Amino acid sequence: METGGLPLELWRMILAYLHLPDLGRCSLVCRAWYELILSLDSTRWRQLCLGCTECRHPNWPNQPDVEPESWREAFKQHYLASKTWTKNALDLESSICFSLFRRKKERRTLSVGPGHEFDSLGSALAMASLYDRIVLFPGVYEEQGEIILKVPVEIVGQGKLGEVALLASIDQHCSTTRVCNLVFMPAWFSPIMYKTTSGHIQFDNCNFENGHIQVHGPGTCQVKFCTFKNTHVFLHNVPLCMLENCEFVGSENNCVTVEGHPSADKNWAYKYLLGLIKSSPIFLPAEDHDFLMSLDLESRDQAWSPRTCDIVIEGSQSPTSPVCSSPKPGSKEAEVGSDGERVAQTPDSSDGGLSPSGEDEDDEQLTYRLSYQVQGPRPVLGGSFLGPPLPGASIQLPSCLVLNSLHQELQKDKEAMALASSVQGCLIRKCLFRDGKGGVFVCSYGRAKMEGNVFRNLTYAVRCIHNSKIVMLRNDIYRCRASGIFLRLEGGGLIAGNNIYHNAEAGVDIRKKSNPLILCNQIHHGLRSGIVVLGNGKGVIRNNQIFSNKEAGIYILYHGNPIVSGNHIFKGRAAGIAVNENGKGLITENVIRENQWGGVDIRRGGVPILRSNLICFGYSDGVVVGDEGKGLIEGNTIYANKGCGVWMMSSSLPHVTSNHVSYNGLYGVAVFSQKDGEFPGGHGAQENFSEDGDAILWEAELEKEDDPLRRPITVALVESNSINHNGASGIFVQSSEALQVVANVIHANGDRGITIVQSSQLTRVANNSISCNRQSGVKVEFQCKVELRGNGIYDNRGHGIITKGDGTAVVENDIIGNRGSGLQLLPRSDTKVLKNRIHSFRAYGIAVRGRVKALVQENIIFQGKTNKTIFQQITNNRECIMQNNKFLVFKKKSDTWRLVNPPARPHLENSLRGSSAAHSGHKVTAMATRITARVEGGYHSNRSIFCTIL
């Protein structure tokens, strides 16, 4: 365009009057004209697109108010798609070479209607030739018999959509046909409006009402800008079919049924449809900014170092036994003076009380140094949460816990990327399914891909059964009266990037050996659970946001066995994850937070592997193991829940190992004997998992799979955990079953380290480090059977051990530096005290209160203050037998005692066995530090808060 010509605005005004062919010719003049034609996007191109009777708004029906990125591009895509049906025209010529010289046959236009050439569609078809155009003028046309299409034709309605109605049953026998701008209704003799078995059919801008459309492979179809009212589209063995920008309303059955494996025989249109799909804008999601980095849980080994414990006076040390005054790297020193820190709360009267702190005080300051390094859990998810939570502060997840975007996940997972990119069977894109029974039903090895659709107000959105596969990308599924997506009988595929919410049943229902990949979805505000896996269902549930559901975020039962990893499950009105009725599952590296009930609830035969999860800020308990619950609970961070960290019933058999349980409002780990049936309200309402109202006998479908990650246990086992800074006791036991508490670090809890109030069978407490708790290290109540062996009980603000148990054994423990007595035996207790090392600064090494049956033998008892006795006995008790004990008294201020041969307990490296040894490389240093502030929170009742589950 030459300089000095017309202004651009005037050129645009002139060009706005041109028709489509003229615009195309002008764009070929030169680059300046080409750019000028492109600049008409929001004016002339928009006008052409919206004025075309063969199409509608490019974003109809889901977003008709949102303009496309380019009106010209949208019009171009529709124009190219509208010509697909004629692509085989050259195939009909006998010779491509001769066709170049043969005179091209002109397409005829046949008019049908009152006052026109033909009165009916049937009569026009009888006279039609190849690729003729049949125009139906406004009116209602009813065919009394089935119409057989034998030659390729184009059937178009004249005028606005709705002005031409056709009541017919058409059977296509030709290679290709196009139908545009018609309202289809079934004839009186058949519900089938259109059927093809081998050819290609293209529908543009049509309405279908109250009938059926059938396409059988190797036939293909291409449907765009159509409305289906109570109409069923049946696709059987189709190799490829496209449904784009369509609306399905009020179906009494399924809107679309895709049945059978895609046919290996393909007609001529297959390659053109495939090319059209690949040339259209890629629908794979771009990178999101609300999902960031993935989890990095690489563990780091920590070398073992020996424990040391030195007791000195005034800091002076023996020249023959030097003690380093500075702590070793990676260790912590705790010093307690004779006046020391005040005990914030005096132990209750049943504990026997402490000696008055002001009585017989020495001016000399007595101190001890305690330096030790112990094994705890491996590095845990959410390590930045290990400090005290700030009251009222908003929860900010560290960057390592923010979810990946779908784009990042697909880049990482090549199999998922291949699924997302595949096109086979039926492609349903940008369609609206509403106000009916079913959306899409895929069965009998069928294949379907759904992108960018909206499913709303249906009974269900998608069903996938009988070895079928679906790919669902970026769909909205909401207000379904049952489950949103339903998979059974080995259904599978990829469900990624969808928004699934406000459904009456589960957002996704997986059962009967179905095995989908559920990736990067938002599943929220459901009236029941977010995802349900049952009846031997499997699946990989990864990197999803599951929140604000009325029941469990993920519910696993009846031998469901999914892999649940890297999800954020939060703000649910029940449990985060529930595993019931013999459910299984590998649950790993999830963030489970702010749920109303337990973060994870395991009961009634549930046996999951719960590993490396962050379970935090719950309004009840972190992990609940109810009646007959089992499973491996390993390497989790259970933090700042208002109830207990782990709540267990004595009838359960979990293996709780290598967890970090801290800053929970009540007990760190609590074991109760109360049955579920005694809870108010029982279990609550049970979810209806039957299909179509029929009872399902899942027990007949058991899968016997040996899982190498699980080791069978016959006694509930709590081992190798770090349990610290919880509001009440670190471990609370009220159990009627046997229990083992082994190799744990129990530190700085708001009450006692371990409280055992009921233990009718043996509770074994071995090789634990119990330190700096606000009251006593261990308390054993009346008639409890307890064995305390190999523990290190240090620097607790009450007594070291208090017992009135019946059959308590205190063997080979180090009870050092506690504010009260090292060991206090209360009336009616029956205790064996063997081979312990006991020391107390302010009180007695061993205090016997009242009539006690005890055997105190071969213990080493260190003197505290020089004017205190080592042993105190209130009454003359012949049943308390003292034999072969060694009492060490300070002779001079420079005396130093050191715990050697063996070194300071616990000796954790010797307590590891079984599966714990398999993970012995996963170690972390847990240091005993002085508690400086009381953790707020009341004391637990005899049951879990809201521990039952719907």
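Keep in mind that glycine also has a Cβ here, set from the backbone N, Cα and C atoms.
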SER305, SER318, SER326 - the residue Swiss-Prot records as phosphoserine:
SER326
Of SER321, SER355, which does Swiss-Prot mark as phosphoserine?
SER321
Most Cβ pairs under 8 Å with the repeat 'PbH1 12' (651-673), selected from 467-489, 559-581, 736-758, 760-782:
736-758
For the repeat 'PbH1 6' (513-535), could you work out the same-chain residues 6 or more beyond its ends whose Cβ comes under 8 Å from its Cβ atoms?
291, 403-406, 409, 413, 415-416, 419, 464, 470, 483, 487-507, 541-562, 569, 572, 578, 581, 583, 585, 687, 689, 696, 698, 701, 950
Same-chain residues at least 6 beyond the ends of the repeat 'PbH1 1' (198-217) whose Cβ lies under 8 Å from its Cβ atoms:
53-56, 82, 84-85, 88, 161-162, 172-186, 191-192, 223-239, 241, 260, 262-263, 265, 267-269
Can you break down the domain 'F-box' (1-48) into helix, strand and coil residue counts using DSSP?
31 helix, 0 strand, 17 coil
